[in-house]
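Undergrad: Submitted below is the structure of interest, expressed as C-alpha cells.
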C-alpha cells in the first residue's frame with residue numbers, strides 16, 4: 001500500500017488528472033446500433049443478379065479463349081497428344097482454381113459482401129491487432145459492421161492471433177504482402193485492356209490477311225483512348241448492355257466449341273482424363289515453359305472476388321457453374337479439336353475456326369466483350385485505389401461518384417489518365433500478344449498467391465477451420481499456382497518484367513505515403529497539448545471568444561492537437577464554440593450514417609469545446625452533396641440533448657469529482673502553467689468559478705448588426721438544454737470556420753540518409769502533388785483557415 005502511495009506521489013496528481021481527462025471517445029458517445037442482417041434474395045431476383053454479374057465479373061475470364069492457345073504454342077505444334085495434354089491442364093486448372101478455390105471457398109471470405117485483397121486485410125485487422133491505422137479505439141468495435149469473434153485462451157486461433165500481434169515485423173510483413181497484391185491488381189488493370197482489345201481486334205487479320213500488325217495496334221490504341229476518355233461519364237447508362245453482350249459471347253463460344261468438337265476431332269475429349277497432364281509434363285522443358293500460356297485460361301479469376309461488392313455470392317456461383325464454366329470447357333475443347341486437325345493454324349485459331357458467314361458478327365461481339373472486360377477491370381482498379389487511400393496507403397486523389405443509383409460506381413480522373421498512358425505504352429510498345437501475355441500472366445499469378453497466403457490466417461482466425469482443412473486448401477492451391485509461378489518467372493525477360501516494374505513503382509508510392517503519414521501521426525500524438533493546460537486557461541482560453549463555430553481538423557481521436565496551441569499562440573481570439581474534428585477510416589467496408597459521428601464534450605460545459613469523430617469505412621466516400629457540416633452539427637445538437645437526459649454525471653461533474661478525490665500537491669507544473677495546488681485547478685474547472693474576465697459570448701447581434709463580446713464577472717451558465725442549443729444555433733448562424741493544419745514534414749538532422757530521402761523528398765513530393773484535405777472534405781474556400789507548421793520527425 002505504501003509503495004502504491006509513493007508511486008502515486010512520484011507521478012503527481014496532475015499526471016492522474018491528465019490521464020483521466022485525455023480519454024478517447026467512450027461508449028457513451030455512441031448511438032444505439034441496429035443489428036446487421038445479411039440480405040436474402042428471392043429466387044427470381046437471384047437469377048436476375050446472376051445474369052447481370054456476367055457483364056461485370058466474367059468478361060475477362062470469358063475473353064481468354066481469344067489468345068490462350070497461341071501463347072501455349074507460339075512456335076507450333078509437334079503432335080496431337082501435345083494439344084490434348086495442354087487441354088487437360090486447362091480443364092483441371094479451370095476446375096481447381098476458379099471453381100473450387102474461388103467460387104466455393106474464397107468467395108466465402110468476404111467482408112460483409114466486399115471482396116478483394118483489402119477486404120481480406122480488413123477481416124484480419126478486426127480479428128487481430130495488426131492494422132495500420134493508429135487512431136483506433138475499442139468503441140469502433142461496437143459498430144454493426146464491425147463483426148469479429150473471440151477465442152478461447154488455448155485455442156489454435158488464439159495462438160495464431162498472439163503470434164501475429166507479437167512482433168511489429170509480422171504486422172509489416174502482412175502489410176507488405178497486401179500492398180504487393182494490390183499493386184499487382186493495379187498492374188492487372190493496365191494489362192487487361194491491352195491484351196483483351198489487341199486480341200479481339202486481331203481478328204481483322206483473318207479476313208484481311210495482308211493487313212500489317214501495326215494497323216491492328218493503331219486500331220487497338222484508338223479503342224483504348226476512346227474507352228478511357230469515356231470513363232468520366234460512368235457506366236450507369238450503358239451497364240444494362242454489359243450482361244447481354246457477355247451472355248451472347250458465352251453462348252457463342254459454347255456453341256462454336258460444341259460444333260468444332262463434332263466437326264473436327266472428338267478424340268480430344270480424352271483430355272478429361274488427368275493422366276494426360278502427367279504425359280504432357282514428361283515431354284520436357286518445352287511443356288513446362290508453356291505453362292505461362294496455359295495459365296492465361298484462368299486470368300480474370302481474381303475478378304470473381306474483387307468485384308464481389310456488386311453481387312451476392314450466390315449469384316456469382318450460379319452464373320459461373322451454369323453459364324461460364326460449361327461454355328469455357330466447350331470452347332477450349334472445341335478449339336483444341338480444331339487445332340489438332342489444323343496444327344499449322346494456331347495463330348488466331350478462334351477466328352479461323354469460325355464459319356465465314358458469322359466471322360464479322362463474331363468479331364463485333366468479341367470486341368464488345370473485350371471492351372466490357374476492360375471496363376470491369378478499370379472500375380475495379382478505381383475501387384482498389386479508393387480502398388488503399390482510405391487505409392492511409394495512397395496519396396489523396398480525386399474520387400467522383402458517377403451514379404446516383406449505385407454508390408459503388410466511382411471514377412478517379414488522376415488514376416484514369418495514368419492507366420491510359422501505361423496501357424497505351426504497353427500496347428504500342430510490345431505490339432504483339434505474346435509479350436503482353438507474359439506480363440499479364442505474371443501479374444495474375446502474383447495476385448493469386450497473395451490471396452492464398454492471406455486465406456491461411458483467415459481460415460484459422462475468422463472461420464476457425466481445423467488445421468487439416470487449412471493445409472488441404474493451401475496444398476491444393478499451391479499445387480497449381482507454384483508451377484505456374486515458376487513458368488512465368490522464366491519469362492521475366494520476355495515481357496514478364498512489366499508488372500514487376502509497375503508493382504515496384506506503386507509499392508514505393510504506397511509504402512512511402514504510409515510511412516510518412518504514420519510518422520506525422522506519431523509526432524502529433526507525442527506533441528499534443530496537455531488537457532490540464534487547456535483547462536487551466538479557463539473558459540475563455542485566455543483569449544477573446546468571438547461568435548461562431550470553429551471546426552479544428554485533426555488526425556487525433558483523443559487529446560488536443562498541437563495545431564491548436566500554435567493557433568491560439570499567434571491569434572488573440574477564438575470562436576465561442578470549438579469542435580475538434582477527427583475524420584478516420586476503419587477496417588470495415590462501411591459505417592452506417594446513424595453510427596458515423598461520435599461526440600464528446602471537452603472540459604466543463606462553459607468551455608463550449610467538443611470532440612467529434614467522423615468514422616468511415618473503406619468503401620465510403622465524402623460526396624459533395626453529403627453536407628458534412630450539417631450532419632456534424634446535427635450530431636452535436638443530438639449529443640447535447642442526450643447528455644441532458646442521461647442520469648450519469650456530465651463531464652464537468654466527473655472532473656470536479658475527480659479533483660476532489662485527488663490529494664493536495666502544491667507546486668505542480670504542467671504545460672507551462674504553474675499552480676500552487678489542486679484547489680486552483682478545481683476553481684478553473686468548476687462551473688461556478690468567478691476568476692474569468694472574458695466569458696463565452698451570447699452571439700446575438702445588436703441593432704447595428706455587429707457582434708459583441710460580453711465581459712462578465714461570472715461564467716455563462718445555461719439554465720436548460722434549450723439555452724445551450726439556442727447558443728449553438730446562434731454560433732452557427734454567426735459563421736462556421738474550418739481550421740486545417742498545413743504541415744510540412746521534415747526529417748530530423750540526426751536522421752539517416754535513407755530516411756531523409758524518403759521524408760524530405762519522396763514524401764514531400766507526394767504531398768505536393770496530391771489533393772488537399774480541404775478538397776477531400778469539400779470545405780468552401782471562403783470559410784477555411786490553414787495553420788502552417790513544420791514537423792521534424
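The backbone N, Cα and C atoms fix where each Cβ goes, glycine too.
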Undergrad: In terms of membrane topology from Swiss-Prot, residue 400 and residue 570: same side, yes or no?
TA: yes
Undergrad: Which stretch, out of 54-74, 117-137, 138-158, is listed as transmembrane segment by Swiss-Prot?
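TA: That would be 54-74, per the transmembrane segment entry in Swiss-Prot.
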Undergrad: Swiss-Prot lists transmembrane segment for one of the ranges 238-258, 259-279, 385-405; which is that range?
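TA: In Swiss-Prot, the transmembrane segment feature sits at 238-258.
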Undergrad: Flag the pair the transmembrane segment (310-330) / the transmembrane segment (238-258) as in contact if three or more Cβ pairs fall under 8 Å (sequence separation 6 or more).
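TA: Contact criterion met.
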Undergrad: What mean pLDDT does the predicted model reach across the topological domain 'Extracellular' (331-351)?
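TA: Across the topological domain 'Extracellular' (331-351), the average pLDDT comes out at 89.
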Undergrad: Do the transmembrane segment (352-372) and the transmembrane segment (54-74) share at least 3 Cβ pairs closer than 8 Å, excluding pairs fewer than 6 residues apart in sequence?
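TA: Touching, yes - the transmembrane segment (352-372) and the transmembrane segment (54-74) meet the threshold of 3 or more Cβ pairs under 8 Å.
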Undergrad: Given a Cβ distance threshold of under 8 angstroms, which distant residues of the chain, six or more beyond its ends, lie next to the transmembrane segment (54-74)?
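TA: Residues 82, 86, 90, 98, 192, 195-196, 199-200, 202, 239, 241-247, 249-250, 253, 290, 292-294, 296-301, 303-304, 307, 310-311, 316, 319-320, 323-324, 327-328, 331-332, 335-336, 339, 346-350, 366, 369-370, 372-377, 433-434, 437.
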Undergrad: Under 8 Å between C-beta atoms and at least six apart in sequence, can you list the same-chain neighbours of residue 432 (N-linked glycosylation site), or say none if there are none?
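TA: Correct list: 213.
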Undergrad: For residue 432 (N-linked glycosylation site), name the DSSP secondary structure in the helix/strand/coil scheme.
TA: coil
Undergrad: Counting Cβ pairs closer than 8 Å, which of 87-107, 238-258, 288-308 has the most of them with the transmembrane segment (443-463)?
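TA: Per the Cβ under 8 Å count, 288-308.
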Undergrad: Cβ under 8 Å to the topological domain 'Cytoplasmic' (373-409), counting only same-chain residues 6 or more beyond its ends: which ones?
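TA: Residues 55-57, 59-60, 62-63, 116-118, 121, 132-133, 179, 182, 185-186, 188-189, 192-193, 196-197, 224, 227-228, 231-236, 242, 300, 303, 306-307, 309-310, 415-416, 419, 509-511, 513-514, 517-518, 585, 587, 616-621, 623, 766-767, 769-773, 775-776 contact the topological domain 'Cytoplasmic' (373-409) from elsewhere in the chain.
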Undergrad: Just to be sure I understand, if DSSP states are collapsed into helix, strand and coil, how many residues of the topological domain 'Extracellular' (259-287) fall in each?
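TA: Breakdown, helix to coil: 22 helix, 0 strand, 7 coil.
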Undergrad: Is the topological domain 'Extracellular' (331-351) packed against any residues at least 6 beyond its ends, judged by a Cβ distance under 8 Å, and which are they?
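TA: Tertiary neighbours of the topological domain 'Extracellular' (331-351) are 65-66, 68-70, 73, 76-77, 80, 83-84, 86-87, 90-91, 94, 202-203, 205-206, 253-254, 256-261, 263-269, 271, 297, 359, 362-363, 366.
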